[in-house]
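Working notes, beginning with the structure itself.
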Amino acid sequence: MQIWPHKHIHTLANFSIPDYESVFELANRFDKLKNAGTKKIPALQGTLITSLFFEASTRTKNSFELAAKKLSADVQTFAPSSSSLTKGETIIDTAITYSAMGADTLVIRHSSSYITFEIAKKLDAINSNTSVLNAGDGLHSHPSQGLLDIYTLIKFFSKKSLNPKVLNSKKILIIGDVNHSRVARSNLWALSAFGADIILCGPETLIPDEFINFFKSPIPNQIEDPIKSRGSITISRSLEESIKIADAIIVLRLQKERMMENLLNSIDSYSLDYGLTSEKLSLNNKEIPILHPGPINRDIEISSKVVDEYPNCLINNQVANGIPIRMALLYLLQKYNK
């Protein structure tokens with residue numbers, strides 16, 4: 001395993017192939033320990049992981065905290081409603097306070113895009129050793145979700161040992177509200193790094209044509225793309241035609257607040273055109289894997305029958321895989337030469 005080069009993890013846009021391989025190799029090791037019956041290891045004993053979630057979360061928050069505990073780290077949980085934020089303290093000052101308390105890593109979720117960059121910049125300016133791990137920032141990025149999604153697909157397609165190269169030239173269909181999804185953005189960076197060709201499918205109000213140029217989007221402090229050749233992005237407005245050629249499908253949650261923004265005619269019409277059903281899946285002659293980052297809206301973006309009965313619906317696999325992936329990220333940040 002290479003020396004880990006990142007003090008902070010904000011985005012997958014600056015991940016190299018060796019970075020991905022380090023995460024997957026370590027996650028696979030943790031997976032094997034779990035399968036052998038090992039519930040806890042002392043890898044991060046004496047380390048303090050602080051969870052700063054300013055948005056509601058079930059999977060990510062609990063998964064990170066469980067990952068930290070499985071590594072024997074101490075876990076400190078932040079509750080916005082009972083913090084000094086109610087007295088006017090800024091988010092950055094809150095982060096500095098927890099750093100001063102001795103936090104080794106701050107796991108942060110917030111509604112503001114790029115907020116983790118700002119926090120990390122301030123911590124570095126005061127020579128703090130604390131790392132920042134982005135658990136979802138606005139519409140920008142959700143690195144651990146992107147990693148666990150691609151890890152789930154690699155495990156599915158690998159015949160024997162874990163092999164990320166199995167994604168090369170695979171057609172991965174992403175359905176839904178890409179424009180408002182930090183998960184989708186992280187998936188685009190991760191999937192394309194291994195040569196997957198991505199099809200984005202949905203109405204133009206949720207997937208604007210400019211997503212074709214997604215990889216040209218500037219990332220703070222990044223000079224060049226560490227991936228020399230990425231897979232392609234195409235946009236489709238026909239779910240049926242896209243399903244016919246897909247090797248895997250990632251369904252995104254339809255955020256119902258988009259109705260208030262007049263981006264959709266109705267939820268029913270969206271579900272009719274872009275909801276994933278058994279009937280639509282039958283257009284593909286393979287039993288392809290289905291992913292969804294959760295939480296799901298049953299019978300809107302995906303039918304209950306697909307969730308409950310389709311043999312390769314991997315939603316629960318994603319949840320399970322989130323734990324070793326997040327264990328790997330927490331562990332690697334502590335191996336950075338601070």
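Placed from the backbone N, Cα and C atoms, the Cβ positions cover glycine too.
Features reported for this protein in Swiss-Prot:
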type    : residues                                             : note
BINDING : Arg59, Thr60, Arg109, His142, Gln145, Gly294, Pro295 : carbamoyl phosphate binding site
BINDING : Lys87, Arg182, Arg253                                : L-aspartate binding site
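Recorded features from Swiss-Prot, shown on the structure.
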residue : record                           : Cβ contacts under 8 Å, 6 or more apart
Arg59   : carbamoyl phosphate binding site : Gly294, Pro295, Val319, Gly322
Thr60   : carbamoyl phosphate binding site : Phe53, Arg109, Ala135, Gly136, His142, Ser144, Gln145, Gly322
Arg182  : L-aspartate binding site         : Ser113, Gly136, Asp137, Gly138, Leu139, His140, Ser141, His142
Arg253  : L-aspartate binding site         : Gly176, Asp177, His292, Pro293, Gly294, Pro295, Ile296, Asn297, Glu301
Setting Arg59, Thr60, Arg109, His142, Gln145, Gly294, Pro295 aside, what same-chain residues sit with their Cβ within 8 Å of the center of the Cβ atoms that define the carbamoyl phosphate site, listed in sequence order?
Ser57, Thr58, Ala135, Gly136, Val183, Pro293
Across the listed carbamoyl phosphate-binding residues, Arg59, Thr60, Arg109, His142, Gln145, Gly294, Pro295, what is the farthest Cα to Cα distance, given in whole Å?
16
For the binding-site residues Gly294, Pro295, the one whose C-beta sees the most other C-beta atoms within 10 angstroms:
Gly294
Per DSSP, Arg253 (L-aspartate binding site) is which: helix, strand or coil?
coil
Could you tally the C-beta atoms, other than its own, that fall within 10 angstroms of the C-beta of His142 (carbamoyl phosphate binding site)?
26
Comparing the binding-site residues Arg109, Gln145, which residue's C-beta has the most other C-beta atoms within 10 angstroms in this structure?
Gln145
